[in-house]
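A.B. asks: Okay, here's the structure, questions in a sec.
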Amino acid sequence: MPALTPEQVAFYKAHSGDDLRPNETASLVCGLLAAIVAIGARITARRISRVQLGPEDWTIFAAVLGEITYGVIFAKAINNGQGRHIIFIKDLVSFSMGYVAAIVSYSYTVMVTKISILIFYRRLFRSRWLMACSWIIGIIVVMYNLAVILIAGLQCIPLSDLWTGGSSCINTEPPFTGLAIINIFTDVAILTLPVKPVLSLRMPKAQKVQVLGIFLLGGV
């Protein structure tokens with residue numbers, strides 16, 4: 001981590017009251033509760049309809065475990081001072097390790113969640129077009145998330161240079177920006193993937209619009 005300039009230190013000290021920890025805590029709790037409630041509703045719906053859990057269910061369960069892991073790491077970071085200026089971090093080594101662990105757990109969660117959605121689409125629609133597209137999107141999702149994990153873990157060799165200020169670290173902003181663009185692309189691709197199969201269904205246009213609305217609601 002690069003050394004701070006005297007001007008930066010003076011600025012941070014002058015703004016010691018800046019604190020985003022309450023906001024971060026609220027977003028963390030709300031996100032975890034929403035995920036847990038959604039999973040509970042999913043299991044309940046399966047039991048009521050007497051439908052066995054499928055691959056898309058098990059993969060989303062795995063994704064929730066990843067989100068919980070991320071939540072624990074995030075909570076520890078908040079307790080360590082995340083949300084305040086960098087000079088107020090209690091343990092910089094633990095904070096830096098948590099930063100890497102958070103990237104890994106987040107990328108894992110995103111990857112498994114998107115794979116679960118693609119599996120769900122493949123179960124609903126059996127068209128060759130969707131099957132081919134889901135494979136392509138799935139491969140892209142896996143590859144770019146693995147790239148994020150590798151960059152996070154290998155950004156400094158040794159990784160300890162991340163918190164000791166060694167000179168072996170690379171600038172992760174360009175690759176992470178590029179991968180973020182790919183992430184947005186896959187979001188849009190997954191969101192619009194059911195459009196063609198739904199439009200080809202034999203039903204009134206009004207019903208098609210309603211079905212598409214349900215799918216597109218997932219993008220909110």
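Backbone N, Cα and C define each Cβ position, glycine as well.
Keep in mind the model is a prediction, meaning the values are calculated, not measured.
According to TrEMBL, the record shows the following:
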type: TRANSMEM; residues: 26-45; note: transmembrane segment
type: DOMAIN; residues: 41-219; note: domain 'Rhodopsin'
type: TRANSMEM; residues: 57-78; note: transmembrane segment
type: TRANSMEM; residues: 98-121; note: transmembrane segment
type: TRANSMEM; residues: 133-155; note: transmembrane segment
type: TRANSMEM; residues: 175-195; note: transmembrane segment
A.B. asks: Any residues 6+ beyond the ends of the transmembrane segment (175-195) with a Cβ under 8 Å from its own?
C.D. replies: 110, 114, 117-118, 121, 124-125, 130, 133-134, 137, 140-141, 144, 147-148, 151, 212, 215-216, 218-219
A.B. asks: Would you report the average pLDDT that the model assigns to the domain 'Rhodopsin' (41-219)?
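C.D. replies: Here the predicted model's pLDDT, averaged over the domain 'Rhodopsin' (41-219), is 90.
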